[in-house]
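Trainee: Below are the features I grabbed from TrEMBL:
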TRANSMEM  9-29  transmembrane segment
DOMAIN    11-416  domain 'Major facilitator superfamily (MFS) profile'
TRANSMEM  49-69  transmembrane segment
TRANSMEM  76-93  transmembrane segment
TRANSMEM  99-123  transmembrane segment
TRANSMEM  135-156  transmembrane segment
TRANSMEM  176-196  transmembrane segment
TRANSMEM  234-252  transmembrane segment
TRANSMEM  272-291  transmembrane segment
TRANSMEM  303-319  transmembrane segment
TRANSMEM  325-343  transmembrane segment
TRANSMEM  364-380  transmembrane segment
TRANSMEM  392-411  transmembrane segment
REGION    424-450  region 'Disordered'
COMPBIAS  439-450  compositional bias 'Polar residues'
Amino acid sequence: EVRLSRRRWAVVLLFSSYSLCNAFQWIQYGSINNVFLRFYGVSAFAIDWLSMSYMLTYIPLLFPVAWLLDKRGLRLIALVGSAFNALGAWVKLGSLKPHLFPVTVLGQVICSLAQVFILGMPSRIASVWFGSHEVSTACSIAVFGNQLGIAVGFLVPPVLVPNVEDVDKLAYHISIMFYMTAGVATALFILVIIVFKEKPLHPPSRAQALMQSRPTEEYSYVQSILRLLRNPSFLLLMVTYGLNTGCFYALSTLLNRMVIHHYPGEEVNAGRIGLTIILSGMAGALISGIWLDRTKTYKQTTLVVYIMSLVGMVTYTFTLSLGHLWVVFVTAGMLGFFMTGYLPLGFEFAAELTYPESEGTSSGLLNVSAQIFGITFTISQGQIMDRFGTKAGNLFLCSFLFLGTVVTAFIKADLRRQRANLDSEQTVIQSGERPEGPRSSSALTGCSGR
(Lines of atoms letter the chains of each structure in order from A and count residues from 1; the text may use other names and numbers.)
(Lines give C-alpha, C1' and ligand atoms only; values in the text may rest on other atoms or scores of the structure.)
Protein backbone atom coordinates (compact mmCIF):
# COMPACT_ATOMS: atom_id res chain seq x y z
CA GLU A 1 0.00 0.00 0.00
CA VAL A 2 1.42 3.35 -1.09
CA ARG A 3 0.74 6.29 1.20
CA LEU A 4 2.50 9.53 2.16
CA SER A 5 3.53 10.22 5.76
CA ARG A 6 3.06 13.63 7.38
CA ARG A 7 6.35 13.12 9.24
CA ARG A 8 8.30 13.34 5.98
CA TRP A 9 8.58 17.13 6.14
CA ALA A 10 9.85 17.06 9.74
CA VAL A 11 12.47 14.47 8.78
CA VAL A 12 13.80 16.35 5.75
CA LEU A 13 13.82 19.73 7.55
CA LEU A 14 15.64 18.28 10.57
CA PHE A 15 18.23 16.67 8.32
CA SER A 16 18.58 19.95 6.44
CA SER A 17 19.17 21.75 9.76
CA TYR A 18 22.02 19.62 11.08
CA SER A 19 23.51 19.53 7.59
CA LEU A 20 23.41 23.36 7.76
CA CYS A 21 25.30 23.35 11.06
CA ASN A 22 27.96 21.01 9.69
CA ALA A 23 28.44 23.05 6.51
CA PHE A 24 28.77 26.22 8.62
CA GLN A 25 31.65 24.59 10.50
CA TRP A 26 33.31 23.68 7.20
CA ILE A 27 33.58 27.25 5.91
CA GLN A 28 33.77 29.24 9.19
CA TYR A 29 37.59 29.34 8.99
CA GLY A 30 37.86 30.03 5.27
CA SER A 31 35.42 32.96 5.33
CA ILE A 32 37.76 34.87 7.70
CA ASN A 33 40.98 33.20 6.56
CA ASN A 34 43.13 36.24 7.31
CA VAL A 35 41.83 36.54 10.91
CA PHE A 36 42.53 32.93 11.91
CA LEU A 37 45.86 33.08 10.08
CA ARG A 38 46.98 35.91 12.37
CA PHE A 39 45.38 34.47 15.54
CA TYR A 40 47.05 31.07 15.32
CA GLY A 41 50.23 32.32 13.62
CA VAL A 42 50.10 29.71 10.85
CA SER A 43 50.27 29.89 7.05
CA ALA A 44 47.32 30.50 4.72
CA PHE A 45 47.83 26.96 3.42
CA ALA A 46 47.33 25.56 6.95
CA ILE A 47 44.00 27.43 7.24
CA ASP A 48 43.00 26.15 3.81
CA TRP A 49 43.56 22.61 5.08
CA LEU A 50 40.91 23.16 7.76
CA SER A 51 38.43 23.28 4.88
CA MET A 52 40.16 20.60 2.81
CA SER A 53 40.10 18.19 5.78
CA TYR A 54 36.39 17.74 5.04
CA MET A 55 37.25 16.61 1.52
CA LEU A 56 40.17 14.39 2.55
CA THR A 57 38.27 12.54 5.30
CA TYR A 58 35.34 11.75 3.02
CA ILE A 59 37.31 9.75 0.44
CA PRO A 60 38.41 6.71 2.54
CA LEU A 61 35.28 6.65 4.72
CA LEU A 62 32.62 6.79 2.00
CA PHE A 63 32.38 3.04 1.44
CA PRO A 64 32.16 1.99 5.11
CA VAL A 65 29.50 4.64 5.78
CA ALA A 66 27.54 3.81 2.61
CA TRP A 67 27.65 0.14 3.64
CA LEU A 68 26.29 1.12 7.06
CA LEU A 69 23.54 3.15 5.41
CA ASP A 70 22.45 0.13 3.38
CA LYS A 71 22.71 -2.35 6.24
CA ARG A 72 21.51 -0.31 9.23
CA GLY A 73 19.38 2.39 7.61
CA LEU A 74 18.80 6.12 7.83
CA ARG A 75 18.26 6.56 11.57
CA LEU A 76 21.66 5.23 12.70
CA ILE A 77 23.46 7.34 10.09
CA ALA A 78 21.52 10.44 11.19
CA LEU A 79 22.34 9.83 14.87
CA VAL A 80 26.06 9.30 14.27
CA GLY A 81 26.34 12.27 11.89
CA SER A 82 24.60 14.72 14.24
CA ALA A 83 26.58 13.37 17.24
CA PHE A 84 29.96 13.89 15.54
CA ASN A 85 28.83 17.35 14.46
CA ALA A 86 28.08 18.35 18.08
CA LEU A 87 31.25 16.72 19.47
CA GLY A 88 33.50 18.53 16.99
CA ALA A 89 31.88 21.87 17.87
CA TRP A 90 32.61 21.33 21.59
CA VAL A 91 36.22 20.28 20.95
CA LYS A 92 36.85 23.56 19.12
CA LEU A 93 36.06 25.41 22.36
CA GLY A 94 39.36 24.06 23.69
CA SER A 95 41.33 25.91 21.02
CA LEU A 96 40.90 29.53 22.12
CA LYS A 97 44.62 30.24 22.59
CA PRO A 98 47.06 31.00 19.74
CA HIS A 99 49.20 27.94 20.55
CA LEU A 100 46.22 25.53 20.43
CA PHE A 101 45.89 25.27 16.65
CA PRO A 102 46.19 21.43 16.81
CA VAL A 103 43.04 21.34 18.98
CA THR A 104 41.02 23.28 16.43
CA VAL A 105 42.35 20.89 13.76
CA LEU A 106 41.09 17.94 15.87
CA GLY A 107 37.66 19.56 16.24
CA GLN A 108 37.48 20.19 12.49
CA VAL A 109 38.47 16.59 11.71
CA ILE A 110 35.66 15.32 13.97
CA CYS A 111 33.23 17.62 12.13
CA SER A 112 34.57 16.26 8.85
CA LEU A 113 33.67 12.75 10.07
CA ALA A 114 30.11 14.01 10.57
CA GLN A 115 30.05 15.21 6.98
CA VAL A 116 30.66 11.66 5.73
CA PHE A 117 27.37 10.68 7.42
CA ILE A 118 25.55 13.65 5.86
CA LEU A 119 26.52 14.21 2.21
CA GLY A 120 25.09 11.00 0.79
CA MET A 121 21.72 11.29 2.53
CA PRO A 122 19.58 13.76 0.48
CA SER A 123 18.55 11.48 -2.38
CA ARG A 124 18.06 8.54 0.01
CA ILE A 125 15.77 10.54 2.32
CA ALA A 126 13.85 11.84 -0.69
CA SER A 127 13.30 8.33 -2.09
CA VAL A 128 12.42 6.66 1.22
CA TRP A 129 10.04 9.35 2.51
CA PHE A 130 8.60 11.21 -0.54
CA GLY A 131 6.27 10.43 -3.43
CA SER A 132 7.37 10.30 -7.06
CA HIS A 133 5.89 13.76 -7.84
CA GLU A 134 7.87 15.47 -5.06
CA VAL A 135 11.08 13.46 -4.79
CA SER A 136 13.28 15.98 -6.67
CA THR A 137 11.87 18.88 -4.67
CA ALA A 138 12.54 16.97 -1.43
CA CYS A 139 16.12 16.28 -2.53
CA SER A 140 16.57 20.00 -3.25
CA ILE A 141 15.31 20.87 0.26
CA ALA A 142 17.71 18.32 1.78
CA VAL A 143 20.63 19.82 -0.18
CA PHE A 144 19.31 23.28 0.75
CA GLY A 145 20.49 22.94 4.35
CA ASN A 146 24.08 22.32 3.37
CA GLN A 147 24.07 25.31 1.06
CA LEU A 148 22.39 27.55 3.63
CA GLY A 149 25.03 26.49 6.16
CA ILE A 150 27.76 27.65 3.78
CA ALA A 151 25.84 30.91 3.30
CA VAL A 152 25.64 31.47 7.06
CA GLY A 153 29.31 30.51 7.27
CA PHE A 154 30.16 33.32 4.87
CA LEU A 155 27.90 35.87 6.58
CA VAL A 156 28.22 35.30 10.35
CA PRO A 157 31.96 34.83 11.11
CA PRO A 158 33.03 38.24 9.68
CA VAL A 159 30.33 39.85 11.86
CA LEU A 160 31.02 37.89 15.06
CA VAL A 161 34.83 37.95 14.73
CA PRO A 162 36.04 41.43 13.69
CA ASN A 163 39.66 41.78 12.64
CA VAL A 164 40.90 43.43 15.86
CA GLU A 165 44.57 43.68 16.87
CA ASP A 166 44.22 42.59 20.52
CA VAL A 167 44.63 38.79 20.71
CA ASP A 168 42.55 38.46 23.90
CA LYS A 169 39.64 40.34 22.35
CA LEU A 170 39.97 38.21 19.24
CA ALA A 171 39.83 35.04 21.36
CA TYR A 172 36.69 36.36 23.08
CA HIS A 173 34.93 36.97 19.75
CA ILE A 174 35.97 33.54 18.45
CA SER A 175 34.63 31.93 21.65
CA ILE A 176 31.20 33.50 21.08
CA MET A 177 31.04 31.92 17.62
CA PHE A 178 32.22 28.53 18.89
CA TYR A 179 29.76 28.51 21.85
CA MET A 180 26.82 29.39 19.61
CA THR A 181 27.75 26.63 17.16
CA ALA A 182 28.13 24.02 19.90
CA GLY A 183 24.76 24.94 21.44
CA VAL A 184 22.91 24.67 18.13
CA ALA A 185 24.64 21.40 17.19
CA THR A 186 23.73 19.84 20.55
CA ALA A 187 20.08 20.89 20.28
CA LEU A 188 19.86 19.39 16.80
CA PHE A 189 21.37 16.10 18.01
CA ILE A 190 18.68 15.86 20.70
CA LEU A 191 15.97 16.55 18.09
CA VAL A 192 17.35 13.80 15.84
CA ILE A 193 17.03 11.33 18.73
CA ILE A 194 13.38 12.32 19.23
CA VAL A 195 12.10 12.96 15.69
CA PHE A 196 14.15 11.04 13.13
CA LYS A 197 12.63 7.67 12.17
CA GLU A 198 13.99 4.93 9.93
CA LYS A 199 11.21 5.00 7.32
CA PRO A 200 7.46 5.65 7.03
CA LEU A 201 4.93 2.91 7.78
CA HIS A 202 3.99 2.69 4.09
CA PRO A 203 6.18 3.21 0.99
CA PRO A 204 5.59 6.64 -0.60
CA SER A 205 5.92 5.53 -4.23
CA ARG A 206 5.61 2.45 -6.43
CA ALA A 207 9.38 2.44 -7.08
CA GLN A 208 10.07 2.45 -3.34
CA ALA A 209 7.51 -0.31 -2.78
CA LEU A 210 9.35 -2.47 -5.31
CA MET A 211 12.65 -1.75 -3.55
CA GLN A 212 11.25 -2.70 -0.13
CA SER A 213 9.69 -5.90 -1.46
CA ARG A 214 13.06 -7.18 -2.69
CA PRO A 215 14.46 -9.96 -0.44
CA THR A 216 17.40 -8.75 1.66
CA GLU A 217 19.64 -11.65 0.70
CA GLU A 218 19.45 -10.63 -2.96
CA TYR A 219 21.37 -7.42 -2.24
CA SER A 220 25.19 -7.34 -2.29
CA TYR A 221 26.91 -4.06 -1.48
CA VAL A 222 30.12 -4.94 -3.35
CA GLN A 223 28.17 -6.08 -6.41
CA SER A 224 26.16 -2.85 -6.26
CA ILE A 225 29.34 -0.75 -6.44
CA LEU A 226 30.68 -2.88 -9.28
CA ARG A 227 27.43 -2.45 -11.21
CA LEU A 228 27.64 1.31 -10.74
CA LEU A 229 31.23 1.39 -11.95
CA ARG A 230 30.21 -0.57 -15.06
CA ASN A 231 27.47 1.94 -15.88
CA PRO A 232 28.98 4.26 -18.57
CA SER A 233 26.42 7.04 -18.10
CA PHE A 234 26.97 7.08 -14.33
CA LEU A 235 30.75 7.15 -14.75
CA LEU A 236 30.46 10.19 -17.01
CA LEU A 237 28.15 11.84 -14.48
CA MET A 238 30.69 11.10 -11.71
CA VAL A 239 33.36 13.00 -13.66
CA THR A 240 31.13 15.97 -14.51
CA TYR A 241 29.70 16.23 -10.98
CA GLY A 242 33.21 16.11 -9.53
CA LEU A 243 34.46 18.83 -11.87
CA ASN A 244 31.57 21.21 -11.12
CA THR A 245 31.44 20.64 -7.36
CA GLY A 246 35.23 20.61 -7.07
CA CYS A 247 35.29 24.07 -8.67
CA PHE A 248 32.65 25.20 -6.16
CA TYR A 249 34.70 23.87 -3.21
CA ALA A 250 37.85 25.64 -4.44
CA LEU A 251 35.98 28.88 -5.07
CA SER A 252 34.38 28.80 -1.60
CA THR A 253 37.64 28.01 0.21
CA LEU A 254 39.67 30.71 -1.56
CA LEU A 255 36.98 33.40 -1.91
CA ASN A 256 38.20 35.46 1.06
CA ARG A 257 41.74 35.56 -0.35
CA MET A 258 40.46 36.56 -3.82
CA VAL A 259 38.29 39.43 -2.61
CA ILE A 260 40.78 40.77 -0.03
CA HIS A 261 43.48 40.79 -2.73
CA HIS A 262 41.45 43.16 -4.94
CA TYR A 263 39.51 44.96 -2.18
CA PRO A 264 41.72 45.25 0.94
CA GLY A 265 39.88 45.53 4.27
CA GLU A 266 36.60 44.24 2.84
CA GLU A 267 36.33 41.06 4.97
CA VAL A 268 32.63 41.63 5.67
CA ASN A 269 31.83 42.19 1.99
CA ALA A 270 33.86 39.09 1.08
CA GLY A 271 31.52 37.15 3.35
CA ARG A 272 28.50 38.84 1.77
CA ILE A 273 29.70 37.89 -1.72
CA GLY A 274 29.95 34.28 -0.53
CA LEU A 275 26.45 34.63 0.91
CA THR A 276 25.20 35.93 -2.44
CA ILE A 277 26.69 32.93 -4.25
CA ILE A 278 24.98 30.48 -1.91
CA LEU A 279 21.58 32.19 -1.63
CA SER A 280 21.25 32.52 -5.39
CA GLY A 281 22.38 28.90 -5.67
CA MET A 282 19.68 27.82 -3.23
CA ALA A 283 17.10 29.52 -5.43
CA GLY A 284 18.59 27.71 -8.43
CA ALA A 285 18.48 24.38 -6.59
CA LEU A 286 14.84 24.79 -5.60
CA ILE A 287 13.77 25.89 -9.08
CA SER A 288 15.66 23.02 -10.72
CA GLY A 289 14.09 20.52 -8.29
CA ILE A 290 10.56 21.73 -9.02
CA TRP A 291 11.35 21.78 -12.76
CA LEU A 292 12.57 18.17 -12.67
CA ASP A 293 9.47 17.01 -10.80
CA ARG A 294 7.29 18.61 -13.48
CA THR A 295 9.25 17.71 -16.64
CA LYS A 296 11.67 14.84 -15.84
CA THR A 297 14.10 16.38 -18.38
CA TYR A 298 17.22 15.37 -16.44
CA LYS A 299 19.77 15.37 -19.27
CA GLN A 300 18.62 18.62 -20.88
CA THR A 301 18.35 20.51 -17.57
CA THR A 302 21.75 19.29 -16.37
CA LEU A 303 23.44 20.34 -19.61
CA VAL A 304 21.87 23.82 -19.64
CA VAL A 305 22.80 24.43 -15.99
CA TYR A 306 26.37 23.26 -16.67
CA ILE A 307 26.75 25.61 -19.65
CA MET A 308 25.46 28.52 -17.58
CA SER A 309 27.86 27.62 -14.74
CA LEU A 310 30.72 27.98 -17.23
CA VAL A 311 29.35 31.32 -18.49
CA GLY A 312 28.97 32.52 -14.89
CA MET A 313 32.54 31.53 -13.98
CA VAL A 314 34.00 33.27 -17.02
CA THR A 315 32.01 36.45 -16.27
CA TYR A 316 33.06 36.41 -12.60
CA THR A 317 36.71 35.91 -13.59
CA PHE A 318 36.85 39.01 -15.78
CA THR A 319 34.82 41.31 -13.50
CA LEU A 320 36.51 40.55 -10.15
CA SER A 321 39.37 42.99 -10.76
CA LEU A 322 37.33 45.90 -12.19
CA GLY A 323 37.27 47.74 -8.85
CA HIS A 324 33.48 47.82 -8.44
CA LEU A 325 32.18 45.64 -5.62
CA TRP A 326 28.58 45.83 -6.80
CA VAL A 327 29.60 44.24 -10.12
CA VAL A 328 31.25 41.36 -8.21
CA PHE A 329 28.02 40.86 -6.24
CA VAL A 330 26.00 40.61 -9.46
CA THR A 331 28.35 38.25 -11.29
CA ALA A 332 28.88 36.10 -8.17
CA GLY A 333 25.10 35.79 -7.80
CA MET A 334 24.77 34.64 -11.41
CA LEU A 335 27.57 32.11 -10.92
CA GLY A 336 26.05 30.76 -7.71
CA PHE A 337 22.56 30.39 -9.19
CA PHE A 338 23.79 27.80 -11.68
CA MET A 339 26.90 26.27 -10.06
CA THR A 340 25.25 25.61 -6.67
CA GLY A 341 21.90 24.90 -8.29
CA TYR A 342 23.58 22.00 -10.09
CA LEU A 343 24.17 19.98 -6.87
CA PRO A 344 20.70 18.40 -6.41
CA LEU A 345 20.47 17.87 -10.17
CA GLY A 346 23.49 15.59 -9.99
CA PHE A 347 22.04 13.54 -7.11
CA GLU A 348 18.68 13.07 -8.79
CA PHE A 349 20.13 12.32 -12.23
CA ALA A 350 22.35 9.67 -10.58
CA ALA A 351 19.33 8.12 -8.82
CA GLU A 352 17.56 7.86 -12.17
CA LEU A 353 20.56 6.39 -14.01
CA THR A 354 21.32 3.77 -11.34
CA TYR A 355 17.89 2.59 -10.06
CA PRO A 356 17.39 0.18 -8.26
CA GLU A 357 20.84 0.61 -6.69
CA SER A 358 21.00 2.43 -3.35
CA GLU A 359 20.84 6.23 -3.64
CA GLY A 360 23.33 6.42 -0.76
CA THR A 361 25.92 4.50 -2.78
CA SER A 362 25.44 6.47 -6.02
CA SER A 363 25.46 9.88 -4.32
CA GLY A 364 28.43 8.78 -2.20
CA LEU A 365 30.45 7.99 -5.31
CA LEU A 366 29.52 11.39 -6.74
CA ASN A 367 30.76 13.03 -3.55
CA VAL A 368 34.04 11.10 -3.60
CA SER A 369 34.64 12.47 -7.09
CA ALA A 370 33.78 15.97 -5.81
CA GLN A 371 36.19 15.70 -2.84
CA ILE A 372 39.08 14.47 -5.02
CA PHE A 373 38.59 17.28 -7.53
CA GLY A 374 37.95 19.74 -4.68
CA ILE A 375 41.30 19.04 -3.00
CA THR A 376 43.13 19.09 -6.33
CA PHE A 377 41.52 22.34 -7.48
CA THR A 378 41.91 24.11 -4.12
CA ILE A 379 45.63 23.34 -3.85
CA SER A 380 46.29 24.04 -7.54
CA GLN A 381 44.29 27.26 -7.68
CA GLY A 382 45.90 28.50 -4.45
CA GLN A 383 49.38 27.95 -5.91
CA ILE A 384 48.40 29.57 -9.23
CA MET A 385 46.94 32.59 -7.41
CA ASP A 386 50.14 33.02 -5.37
CA ARG A 387 52.34 32.93 -8.49
CA PHE A 388 50.24 34.38 -11.31
CA GLY A 389 47.28 36.18 -9.68
CA THR A 390 43.57 35.54 -9.13
CA LYS A 391 42.57 35.80 -12.81
CA ALA A 392 44.89 32.93 -13.77
CA GLY A 393 43.52 30.86 -10.88
CA ASN A 394 39.93 31.42 -11.97
CA LEU A 395 40.74 30.68 -15.63
CA PHE A 396 42.13 27.37 -14.39
CA LEU A 397 38.65 26.55 -13.01
CA CYS A 398 36.97 27.78 -16.21
CA SER A 399 38.93 25.27 -18.29
CA PHE A 400 37.65 22.36 -16.21
CA LEU A 401 34.06 23.60 -16.30
CA PHE A 402 34.35 23.66 -20.09
CA LEU A 403 35.59 20.05 -20.01
CA GLY A 404 32.65 19.09 -17.77
CA THR A 405 30.18 20.71 -20.18
CA VAL A 406 31.52 18.67 -23.10
CA VAL A 407 31.42 15.40 -21.13
CA THR A 408 27.84 16.09 -19.93
CA ALA A 409 26.68 16.18 -23.55
CA PHE A 410 27.70 12.52 -23.90
CA ILE A 411 25.66 11.21 -20.94
CA LYS A 412 22.81 8.95 -22.05
CA ALA A 413 19.48 9.79 -20.35
CA ASP A 414 18.57 6.26 -19.17
CA LEU A 415 15.81 7.16 -16.67
CA ARG A 416 15.34 3.80 -14.94
CA ARG A 417 13.49 5.00 -11.82
CA GLN A 418 10.97 6.87 -13.95
CA ARG A 419 10.38 3.72 -16.03
CA ALA A 420 9.87 1.64 -12.87
CA ASN A 421 7.15 4.03 -11.66
CA LEU A 422 5.52 3.98 -15.10
CA ASP A 423 5.62 0.19 -15.46
CA SER A 424 4.25 -0.34 -11.96
CA GLU A 425 1.42 2.13 -12.60
CA GLN A 426 0.47 0.39 -15.85
CA THR A 427 0.56 -3.04 -14.16
CA VAL A 428 -1.79 -1.85 -11.41
CA ILE A 429 -4.19 -0.28 -13.92
CA GLN A 430 -4.24 -3.43 -16.09
CA SER A 431 -5.03 -5.54 -13.04
CA GLY A 432 -8.12 -3.40 -12.44
CA GLU A 433 -6.95 -1.98 -9.08
CA ARG A 434 -7.05 1.66 -8.03
CA PRO A 435 -3.59 3.19 -8.71
CA GLU A 436 -2.65 4.06 -5.13
CA GLY A 437 -5.14 2.26 -2.92
CA PRO A 438 -8.21 3.63 -1.16
CA ARG A 439 -6.77 6.96 -0.07
CA SER A 440 -7.98 10.52 -0.32
CA SER A 441 -7.25 12.50 -3.49
CA SER A 442 -4.96 14.87 -1.61
CA ALA A 443 -2.76 11.97 -0.54
CA LEU A 444 -2.71 10.55 -4.06
CA THR A 445 -1.52 13.80 -5.63
CA GLY A 446 1.99 13.49 -4.22
CA CYS A 447 2.70 9.81 -4.71
CA SER A 448 0.97 8.46 -7.80
CA GLY A 449 3.41 6.89 -10.25
CA ARG A 450 3.75 7.82 -13.90
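Even glycines carry a Cβ here, placed using N, Cα and C.
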Trainee: On the 0 to 100 scale, where does the mean pLDDT of the domain 'Major facilitator superfamily (MFS) profile' (11-416) fall?
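Mentor: A mean pLDDT of 85 is what the model gives the domain 'Major facilitator superfamily (MFS) profile' (11-416).
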Trainee: Quick one: do the transmembrane segment (364-380) and the transmembrane segment (325-343) reach 3+ CB pairs under 8 Å, ignoring pairs fewer than 6 apart in sequence?
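Mentor: These two segments do not touch.
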Trainee: Looking at 9-29, 49-69, 135-156, 392-411, which one has the highest count of Cβ pairs under 8 angstroms to the transmembrane segment (176-196)?
Mentor: 9-29
Trainee: Cβ pairs under 8 Å only, please: of the recorded stretches 49-69, 99-123, 234-252, 325-343, which one is richest in them relative to the transmembrane segment (9-29)?
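Mentor: When the Cβ pairs under 8 Å are tallied, 99-123 comes out ahead.
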Trainee: Cβ pairs under 8 Å with the transmembrane segment (325-343): which stretch of 49-69, 234-252, 272-291, 392-411 has the most?
Mentor: 272-291
Trainee: For the transmembrane segment (76-93), what are the same-chain contacts with Cβ under 8 Å, counting residues 6+ beyond its ends?
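Mentor: Same-chain residues near the transmembrane segment (76-93) but 6 or more away: 15, 18, 21-22, 25, 65, 68-69, 103-104, 106-118, 121, 175, 178-179, 181-182, 185-186, 188-189, 192-193, 196.
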Trainee: Any residues 6+ beyond the ends of the transmembrane segment (392-411) with a Cβ under 8 Å from its own?
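Mentor: Hits for the transmembrane segment (392-411): 233, 236-237, 239-240, 243-244, 246-247, 250-251, 254, 258, 299, 302-303, 306-307, 309-310, 313-314, 316-317, 320, 349, 353, 373, 377, 380-382, 384-385.
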Trainee: In terms of Cβ proximity under 8 Å, which residues at least six beyond the ends of the transmembrane segment (49-69) contact it?
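Mentor: Hits for the transmembrane segment (49-69): 26-27, 29-30, 36, 76-77, 104-105, 108-109, 111-113, 115-117, 119-121, 124, 221, 225, 249, 252-253, 358, 360-361, 364-365, 367-368, 370-372, 374-375, 378-379.
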